[in-house]
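Feature annotations, reproduced from TrEMBL:
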- 6-24: transmembrane segment (TRANSMEM)
- 44-65: transmembrane segment (TRANSMEM)
- 77-97: transmembrane segment (TRANSMEM)
- 109-130: transmembrane segment (TRANSMEM)
- 150-168: transmembrane segment (TRANSMEM)
- 180-204: transmembrane segment (TRANSMEM)
- 224-246: transmembrane segment (TRANSMEM)
Amino acid sequence: MNDWTLDWPLLFGLIAATVGYLWAVGPARKRLGGPAAFPVGKAVAFLSGLLALGLSIMSPIGIWADRYLFTMHMVQHMILTMFCAPMLLIGIPEWLLRPLVQLPWVYSIVRFAVNPIVAFSAFNISFNGWHFPQFYDLALRNELVHILEHQMMMGSAILLWAPSLIPLPELRSSYPVQMLYYFVNSIIPTILGALITFADSVLYPTYELAPRIWGISAIADQQIGALIMWIPGGSIFILAITIAFFKWMNREDEEQSLPSIADQKAAARQ
């Protein structure tokens, strides 16, 4: 149960993404309109997202999630949706993304996709839909469906975080909207987590029939996994609300200070 797995398509994809990203923000940076300085912080964020993505699938977490523990599957889903997706968005510089959306129709599609209502719907339909027992167990039994599940979760999670983290500032939602958006999103894992936590039977047959490890019963495993969805998932949204609030307050303070600065400059000219 300590075995690592090699998912060759995923591994090649991660290597290609790493090489392409480092080339774009490194040797090709100036040609692509980037700054003189290498974006260390953004590179760390992007590569951390890729690393966490690979580890969540190919490390023992992936084996435990697929074969033994609902808890580990929830850990995997939290890594994918609450860490990998925002880190990838944080790591993309504005100057790297903007040329890709120069065509008006591409820009329009992106603007539509990052609308909070669209992003909320896409993520919650995908995330909650895949936790219905029928779809969940199908993904565990069929590798192609499992790959589709992870792709949908990652894609919709990128949309989830885009209203606050998309590199194009004009497409980000206002801070009050971000706060409301993440508050509403925080309700969903609470409801879903509570429903699974307080279920009086095992909802997922694969885990009910799986060999028990670490002395955890199937029902206890289900309850722990649901709590991981419920508490850490909701807490991350609360963190996002807090960050948006302080950014909003900071901007308000800056705007209020602008007249006094202008007055000082006018007085200096007199």
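Placement of Cβ uses the backbone N, Cα and C atoms for every residue, glycine included.
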Stretch contact, the transmembrane segment (150-168) with the transmembrane segment (77-97), Cβ-Cβ under 8 Å, 3+ pairs: yes
Result, the transmembrane segment (180-204) in contact with the transmembrane segment (77-97) (3+ CB pairs under 8 Å): no
Distal contacts, the transmembrane segment (224-246) - CB-CB under 8 A, six or more residues away: 69-75, 77-78, 82, 164, 175, 178-179, 182-183, 185-186, 189-190, 192-197, 216
